[in-house]
Amino acid sequence: MAENNAQNKAKLISETRRRFEAEYVTEKSEKYDSRDVERLQQDDNWVESYLYWRHNVVDETLKMLDESFQWRKEFSVNDLSESSIPRWLLELGGIYLHGYDKEGNKLFWIRVKYHIKDQKTIMDKKKLIAFWLERYAKRENGKPITVMFDMSETGLNSIDMDFVRFIINCFKVYYPKYLSKIVIFDMPWIMNAAFKIVKSWLGPEAVSLLKFTSKNEIQEYVSVEYLPPHMGGTDPFKYSYPPLVDDDFQTPLCENGPIASEDETSSKEDIEGDGKETLETISNEEPPALSEKSNPTESVSKKDENEKVDSKTKTFKKPLSVFKGPLLHISPAEELYFGSIESGEKKTLIVLTNVTKNIVAFKVRTTAPEKYRVKPSNSSCDPGASIDIIVSPHGGLTVSAQDRFLIMAAEMEQSSGTGPAELSQFWKEVPRNKVMEHRLRCHTVESSKPNSLMLKDSISTMSDKTSEDLYLQLNRLLESNRKLEDQLQRSIWFQQLLLALTMVLLDFVVSFFYSLYN
């Protein structure tokens, strides 16, 4: 069955490419960017995303590709950069990428209160949207995104329906299959009619992706660690520019050697989990690769040290999946699997293999630098060699599915040194377009507890969740009750006013007829 589906998908992709080339490119090639046409012939995922959004109907997919490619050329999407956007707009902080929702999707923030409807700036705002989406699409090919419309403190002068429609079209036509959901926070009641129009733009299939929330419901979609305080969250993030804020990856703990107290804590944890093995092999920050100038004595000590590392990492399960990049093969390909706390297997392994003819420098960064220790996190790898990187949660901190790791790699000149000072200088000077990047998600393996213990934990968790749900429902009920009371009071007031006006009118009519007949 799966094989048939794969064959059908391949046929649809091939037919789409062939027909687009024959029916559109020959006549309208000047309307498209040649880079987009070339990418269409090479990137199966890109073609499949358009087919998916048009339910695998090739005729509809071709129309969508035509519209999308014309838009990409009109906006010069492939050439958009920071210099294409007015600096004041980047400094404003109305549109940016930051954080993740509970499903691990990146958050695309639209702070509506910072937008003023103005025909002079609408094109720049649209280009900023396109800039962020294209930047994200190139880094996270095919991974969904959650749009956060923050409408708190929003007035009518901030509502631009043309701009909203453009954002909707970006996900309907220009970046299909990228939309996870649209979360609308604290929408003013006066905008209800306007968003009925938005629903019609989305279409019946995508309407379910629209989530209207207040402070009470927002945590159903985003955890407090990625919500700002005005949404009831604890995220200390404050927007500023420069630099661009979408790079949430930071240096993990102890890149340049652990702090004494932290090292002692880690040593105790490892002694308990691994018997008498020491941390020397995994806390060594020296680059594993040997330079050409190293002497035989150093070579012997390095060899012994590497053998120790090998014996240490034998306790880890080698990842099976492999991402094949131009500089490094990285294993695992997409997800880091950490053992459960109960199993004691908290650490995991990343294997890097240099597939070039030169030394490759690498760095490992993470979205949660306070939670993880990475050894080594900044080093180099000889041609054809492999390096094992050990990643472990720090202390008692737990692994989250929202955590991410970024591996950065760049090819070094043969004459370059690989010491800490040389590596630091190298990363300052290497051009951005020479750096290979690959991202990894985190995943916790289910606990291997006995069923009886699992049942107790499950009952306890269900009890806590039920209590929390009841509390939320009670709050909502009280809020609804308060609104009903307000409406009732207003209704009584209107009835009293109407009664008073009726009495005045009746008195006037009686007086009129009395004066008429007397």
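Glycine is no exception: its Cβ is also placed from the backbone N, Cα and C atoms.
Listed in Swiss-Prot for this protein:
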type	residues	note
COMPBIAS	265-279	compositional bias 'Basic and acidic residues'
COMPBIAS	300-312	compositional bias 'Basic and acidic residues'
DOMAIN	85-239	domain 'CRAL-TRIO'
DOMAIN	327-445	domain 'MSP'
REGION	252-312	region 'Disordered'
SITE	Lys363	site 'Required for phosphorylated FFAT motif binding'
SITE	Val374	site 'Required for FFAT motif binding'
TOPO_DOM	1-496	topological domain 'Cytoplasmic'
TRANSMEM	497-518	transmembrane segment
Helix-strand-coil residue split for the domain 'MSP' (327-445), DSSP-based: 13 helix, 55 strand, 51 coil
Whole-number Å value for how far Val374 (site 'Required for FFAT motif binding') lies from Lys363 (site 'Required for phosphorylated FFAT motif binding') (Cα to Cα): 10
Cβ packing number for Lys363 (site 'Required for phosphorylated FFAT motif binding'), 10 Å threshold: 21
Local Cβ density at Val374 (site 'Required for FFAT motif binding') - other Cβ atoms counted within 10 Å: 23
